[in-house]
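What Swiss-Prot annotates here:
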DISULFID  41-113  disulfide bond
DOMAIN    36-116  domain 'Ig-like'
REGION    53-69  region 'Framework-2'
REGION    70-75  region 'Complementarity-determining-2'
């Protein structure tokens, strides 16, 4: 059985500022159960390292669910993701990552990166 991890891109405009904030995600796809994927979220218009960044997901027919966050040197995970998911960032590329290992069919969802 295979399942799909989808991705989208989110675009936001800062109110009253002529600066576009953009998050462009990539890396989703079809994967076998127990397989691995790495999602990427390239940011522009702000600095990833200066903000709390998170990954959230939405499974089919379900609401939004927090997955993981990174702030400064600290990382946080939903209990169900600990040990399987790793959030990280590359400051030189201004990019956020989510490494997902030992994926399960119930992991099928749209994954979003978000800035807080």
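Positions of Cβ are set from backbone N, Cα and C atoms, glycine also.
When secondary structure is read from DSSP and collapsed to three states, residue 41 (disulfide bond) falls in the strand class.
Under the three-state DSSP scheme, residue 113 (disulfide bond) falls in the strand class. Of all the Cβ atoms in the protein chains shown, 27 others lie within 10 Å of the Cβ of residue 113 (disulfide bond). Within the region 'Framework-2' (53-69), the DSSP-based counts of helix, strand and coil residues read 0 helix, 12 strand, 5 coil.
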